[in-house]
Amino acid sequence: MGLNVEQERAVFCTENLMVLAPPGSGKTGTLVAKTKYIITMIPESIVLLVTFTDASAKEARERIGKLLTSVQMRRVTVSTFHSHAIEQLRRAGKLGRIMAPHESTDLVKRALVDCGSTMDFMEAEAELQAAKASPEFTGEEKDFIKAYEHRKLLHRSIDLQDVVREAVNGMRAKNADKHIPPLAATHVLCDEFQDVDWNQLHWLLCYREFGAIVTVVGDDDQSVYGWRNALGYAAMQAFRDRVNPTVITLEVNYRSRREIIQSATCLIRNNPKRMDKVVVSKIGDGGEVFLAKPADKEAEATMIIDAIINDAEEKGHELHLVPTGRWGVIARNNRDLWLIAAMLRKAGIPFVKSTKKDDAPWEIMRFCGMLVSIQTNDSLGLRQTMSSMGISEKTLRSVHDKMGDDFYRIMDGDFPDLEDVAIEDKPLLKAFLQICPRWRDLTANGHYGRVIGAVGEWFLDTIVRGDDTIQDFRNFVKMLSGDSSKMSGTDFPSTTGSSVRQNLRARPRGNLQVRVLNYFRQDDKKSSGGVALYTMHGSKGLEFDKVFLVQCNSGTIPSSKSKSVDEERRLFYVAMTRARQELTMSSISTKSSSIFLSEVGDVTML
């Protein structure tokens, strides 16, 4: 596909340039084409192309490599900010030992102890990263930061965040001993410019000051990493003010239908601080934007599976061959995807996730561990359950010291007479010891569904808290126990004869351990596709014919934990613009809807 008018202007521009690249506008192709143009048309030119991830660098390098000869590629370096800066420090002989991430983590924890801080690790790490994102970082900002820098000095090491700042400080140093020259470059190109922090912005400005022509490509509307100090709109403003570049907007969207672009644009225009852009759909009308109001998470998952089944029947393809890029299910948090994954697994529909981690609530993980302990005499799940119900670690150690490898026998009522059990633990222990033998007897007699139901009810009474978690937990117990009278799968018409719907109605088989293992097993069948399950952050850069945005409720999106509604709106915008043909936003009807649903313009109610 050739370049459009705006892309050509960007490629052939010989001045400093800022390219505003909305979703689906072909920014990577434009960067690749510009690199080719510079190398082939400007003698002796040298290009540094900067990305944020090794994966992005590899993709760009491969695409450029297909357009240039091996000799020409010697004049192109594609790498991350950190890699470029490390190379600068290395060539100047000023590269210290770079700590591994786990070493830096250990130093933060030790620094907190050194200064007597009561801050938790996550808070301290965030404050350290925010401080280090500034070129004005001194190491004296807070006592724990001072302690961290002191320990780092003792180890004669630097961390990864130091390298870009040290490269900037070195390039600006007037003292010859401290000066660090830039890498040889006539042109510097930066992808995903909206994600730069202050150090990375100043690194680019330094190259401009040394005479390089700088091109930045990005979209402030897709700046969703403020929590790691991405500047977004502020970076665009600063570059425009400091460099006075030519500004070009890639207006043509090659991905989405007009209706989807229109809805997403209605949303993002509610952000006051942004670069205004016009976005036009290349493929035109024909898209659909829906709003669904299922009663709960189970109904939401059912709706999604039903839509996937109906789509497969209409297209005439088998569900185990769901094409890559056909379906995307996107949530604010991984946890809101686990029930959908569980029901897809039960239905036999393949899916892919951005992470191998199963994000079921910890209460469900404890529950599964307890079931395995009941079945197999394993002590780990038993001990974790006892801890979760509030029994002190001191009591657990005492019991374990007395019983050793026979710890599991307390489930059969065999419990040592421990006088040193804490008073507050005694009623909990007594109640637990009375109920465990019943679960063991039912298991021995093969009544696995009844055991799962009974243990589940006990967990709900004793351990599980929070309305959302309670609902998630009940749904899981239904699936594992085979309580099909309450499972959403029974809502499907039985006359369809669909094997998938039969799978949803099927009762689980096997003992407690087998059922748990079957649920958590990773399907190792090789599949050419599958339903994609991603978080909103994880979906960036992806696209699908049909997209479901789930759990569009207040407190989830915008997140109650976020400090910026504007950034949450940008995140929702990113998720919306993953859709090519059809976008469905789902909000649980028993909860308050996200404010963003009132900002997306006209939608069709399902």
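Just so you know, the numbers here start at 1 and follow the chain as drawn.
Backbone N, Cα and C define each Cβ position, glycine as well.
Because the structure is a prediction, the values reported are computed rather than measured.
Noted in TrEMBL for the protein shown:
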BINDING   Ala21, Pro22, Pro23, Gly24, Ser25, Gly26, Lys27, Thr28  ATP binding site
DOMAIN    1-257  domain 'UvrD-like helicase ATP-binding'
DOMAIN    258-541  domain 'UvrD-like helicase C-terminal'
Which of Ser25, Thr28, all binding-site residues, has a Cβ with the fewest other Cβ atoms inside 10 Å: Thr28
Three-state secondary structure, which DSSP defines for Lys27 (ATP binding site): helix
Additional residues surrounding ATP, by Cβ distance to the Ala21, Pro22, Pro23, Gly24, Ser25, Gly26, Lys27, Thr28 centre under 8 Å: Thr30, Asp219, Leu250, Asn253, Tyr254
In the chain carrying Gly24 (ATP binding site), residues 6 or more apart in sequence that have Cβ under 8 angstroms from it: Asn253, Tyr254, Arg255, Ser256, Glu543, Thr577
Lowest local Cβ density among Pro22, Pro23, Gly26, which the record lists as binding-site residues, within 10 Å: Gly26
Cβ neighbours within the same chain of Lys27 (ATP binding site) - under 8 Å, at least six residues apart: Val19, Ala21, Asp191, Val217, Asp219, Leu250
